[in-house]
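Annotated in Swiss-Prot:
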COILED    66-171  coiled coil
MOD_RES   2  N-acetylserine
MOD_RES   32  phosphoserine
MOD_RES   45  phosphoserine
MOD_RES   49  phosphothreonine
MOD_RES   53  phosphoserine
MOD_RES   228  phosphoserine
MOD_RES   234  phosphoserine
MOD_RES   237  phosphoserine
MOD_RES   244  phosphothreonine
REGION    1-65  region 'Disordered'
REGION    188-226  region 'Sin3 interaction domain (SID)'
REGION    226-252  region 'Disordered'
């Protein structure tokens, strides 16, 4: 059979259905579609395989992480237990380091406390010695001052007694009570009983002075001048006494004492103030006001520490003059 006979179509039989026509282009399209479908299935299979591999890898990594974390926890727990055991035994390095630091701080505080105690003890001893010396000095000063005050009081009393004696000698005749010469008559029966005369009072046993010594002496000298010349002068009379500045008229000064201070010549003076004391005989003394009384002041000489009493009357009449001076 030739090729033309093979390729030529067979003649159609009578009464049979007509055969379908064959197109080569359609076969190629079918084959291409099948290949595409197979390639798609292959790709899907590969993707599924990759997804499964990734899931397995993730599960494996998670297990490794959990295992690693557990291992770290166990290691850390073991380390803490080991440190706790060393701490209980006292061999932990950190514990020994901190204990050494605490011990140094303890020793430092003990040393500082001992030094502070020593310093305070020395300070207390110094204060004790200082206070003791001050107390002894104050006692000695008070003792000397008391002795001086007593001596001054005794001297004043002695002077007052001498003045009383001098006054009694000068006015002895006037002090004597002379009896009155009266003529006694017989009392008649109807006359009343005579009443004794009580107008004359007896002389006091002690003289109370309201004036200063200088004022008394000045009054006595005045009385002596007014006496009769028939009476002989006694050696203790004012004519035989040395003249004093009070005989001449003196300038009046304003002097008074208020609230424990002396107001003199428009100036105020207080206790422990340094002054100059000038007398009528032009004697100038450096003094310190020792005390201020009600009607007089006490001054202490800086040269020999003796004390003098100055009355307000003496300052007012100018028998003594007070001047200020520097405390240095």
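Just so you know, glycine gets a Cβ as well, placed from its N, Cα and C.
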Note to self: For the coiled coil (66-171), report the average pLDDT of the model, please.
What the structure shows: 91
Notebook entry, point to check: Which of the three DSSP states, helix, strand or coil, fits residue 32 (phosphoserine)?
Noted result: helix
Note to self: I need the CA-to-CA distance for residue 32 (phosphoserine) versus residue 49 (phosphothreonine), whole Å please.
What the structure shows: 26
Next item on the list: Note down the number of other Cβ atoms within 10 Å of the Cβ of residue 49 (phosphothreonine), including every protein chain shown.
Entry: 10
